[in-house]
Amino acid sequence: MSSEKRGILERLNAGEVVIGDGGFVFALEKRGYVKAGPWTPEATVTHPEAVRQLHREFLRAGSNVMQTFTFYASDDKLENRGQNLKLSGAQINEAACDLAKEVASEGDALVAGGVCQTPSYLSCKSETEVKAVFKKQLEVFMKNNVDFLIAEYFEHVEEAEWAVQVLKTTGKPVAASMCIGPDGDMHGISPGECAVRLVKAGAQIVGINCHFDPMTCVKTVKMMKEGVEKARLKAHYMVQPLAYHTPDCSCQGFIDLPEFPFALEPRILTRWDMHKYARESYKAGIRFIGGCCGFEPYHIRAIAEELASERGIVAPGSEKHGMWGAGLEMHTKPWVRARARRDYWENLSPASGRPKCPSMSSPEGWGVTKGHTELMQHKEATSSQEMKHVMDMQKKVKSSA
């Protein structure tokens, strides 16, 4: 990367707002380049033009972090439950670095290499074995000299600690975000304690990504911040939530919703919801603000527009979007022109248009996590016997709810 670009810690230490990108796996699944279920990023090799274009759209929307599309790109995940990709994690991650670096060079953006939770951990492999998975991924990031590293999407703080400890050996800045809510990780460890453990492991930036809606994630980061300050430690804070409303979710977040993953559209936040999210994040002292699953470029643009005065710049994508609907002043219909004002969009309560659609769902909380036989992973494809077992389990859980 260009030596002229200031690093992530330089920017955050100066109090600047850093805007992340959005959710690649969900966005590319909808576009036909990622398979739901495994959620693996082989599109970096098979369809690089699709990944490149999405990076470019987030950059244009205002993002100044290009996160490598390396989510679930560890070899144990690529081989899990019958996957036969004939592509290694190294090949996928190498292509991901090339794409992120290419687009980052087109603007004032940094490249972040990312690792996430592993099937090995869920299957109770040893610390040494799990760390070896992270070390293998790390080799590609170091070869490509990414600007900083992110350990994201961890449900268990222990595994997140192991990831941070491995990433920290590089000397690169390390960010760590967990996919937990106010109830803490999957073993009930509070957000505050999780944050303290991550900082002590070596993370300079801590926070939350995925599983919950923006306001829930901001609330959880506040709890992390309180824990770190109480322990008299220092850190920067990040948040990259879902673009879905999740008021009815429990500990596991949107994974438990019956709508996951193919019927979540009625829950999507509007761009105006994103303005509120950006402002609440900023007020909470969070300076690394982005998005995860469900986030599209227009969501990131809304964050950039809300914080344009604090950042001192306007994103290129805003040239096609009048602030608070100002472009509607040019509409041919007078009643639509009347909507070209902030108070209209700020106070709107959007309807779903679905007469029989409930406002809330009943999450499928099975109560299983690392250490349960239900989560033991394997390379073989899921058998019909296993499918029958999980369907029977589902019926049992629903009948006892």
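Just so it is clear, glycine is given a Cβ too, placed from its N, Cα and C backbone atoms.
Per TrEMBL, Zn(2+) binding site is recorded for Cys210, Cys292, Cys293. In this view, Cys293 (Zn(2+) binding site) is surrounded by 27 other Cβ atoms within 10 Å of its Cβ, with every protein chain counted.
The compositional bias 'Basic and acidic residues' annotation in TrEMBL covers 381-395.
Look at TrEMBL and you will find 6-307 tagged as domain 'Hcy-binding'.
Summarising the annotation, TrEMBL assigns region 'Disordered' to 381-401.
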Among Cys210, Cys292, the one of these binding-site residues whose Cβ has the fewest neighbouring Cβ atoms within 10 Å: Cys210
Distant-in-sequence neighbours of the compositional bias 'Basic and acidic residues' (381-395), which means Cβ under 8 A and at least six residues beyond its ends: 81-82, 364, 366, 374
Listed in sequence order, residues not in Cys210, Cys292, Cys293 with Cβ within 8 Å of the centre of the Zn(2+) site Cβ atoms: Gly23, Phe26, Tyr153, Cys179, Asn209, His211, Gln240, Pro241, Leu242, Gly291, Gly294, Phe295
